[in-house]
Amino acid sequence: MAPTMLVLLVPPFPVARGLLRNCWKQLQGKLLQSRPGFSSPPWGPALAVQGPAIFSEPTNDTSGSTETSSLLDSIFWMAAPKNRRSIEVNRCRRRNPHKLIKVKNNIDFCPECGHLKQKHVLCGYCYEKVRKETAEIRRQIGKQEGGPFKAPTVETVVLYSGETPSEHDQGKRIIERERKRPSWFTQN
């Protein structure tokens, strides 16, 4: 049995000092009774909770259910709705002005193609054109290289029909396309 140590702080008030002295004497008496050879009730922490009868000890159920009830089961039942919402309340919730779709005032026309788009956002139609042209260029590069890991470590230049390589294009990989350069694809 490990030795225990109790630290007492003596309060300055005489009434509290007397109460503390009485408690200390009772504790000493109980500790002396609990020595080996004396029978005493087991010491240990105890928890006393006042609650509804739902939390009392479960009765022996012989119906064969192996499921034990717990505190969480009753908490989940407490969180269930008790009354049905009226149709008026539901309508107010559904038609709340904060839940309605907000009108967008940042819609503009694309200067290239004329389709509607959001301001400061690339037009979806123009983006699709760029994506298709880029996919064609990548497909042609794949045919020219012969594999995904055989790419040279030089810069790539795309030349369309009727264009010739300039002095800056010397030593670069040149991809030639057999069509006219699109207006949105600049040469530099």
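The backbone N, Cα and C atoms fix where each Cβ goes, glycine too.
According to Swiss-Prot, the protein has these features:
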BINDING   CYS110, CYS113, CYS123, CYS126  Zn(2+) binding site
COMPBIAS  165-181  compositional bias 'Basic and acidic residues'
REGION    162-188  region 'Disordered'
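Counting residues of the region 'Disordered' (162-188) by DSSP class, helix then strand then coil, yields 3 helix, 4 strand, 20 coil.
Most Cβ neighbours within 10 Å, among the binding-site residues CYS113, CYS123: CYS123 holds that distinction in the structure as shown. Highlighted in sequence order, PRO111, GLU112, GLY114, HIS115, LYS117, LEU122, GLY124, TYR125, TYR127 have their Cβ within 8 Å of the centre of the Cβ atoms of CYS110, CYS113, CYS123, CYS126, the residues recorded for Zn(2+), and are not part of that set.
Other Cβ atoms within 10 Å of the Cβ of CYS110 (Zn(2+) binding site) number 15 in total over all chains. There are 16 other Cβ atoms within 10 Å of the Cβ belonging to CYS126 (Zn(2+) binding site). When secondary structure is read from DSSP and collapsed to three states, CYS123 (Zn(2+) binding site) falls in the coil class.
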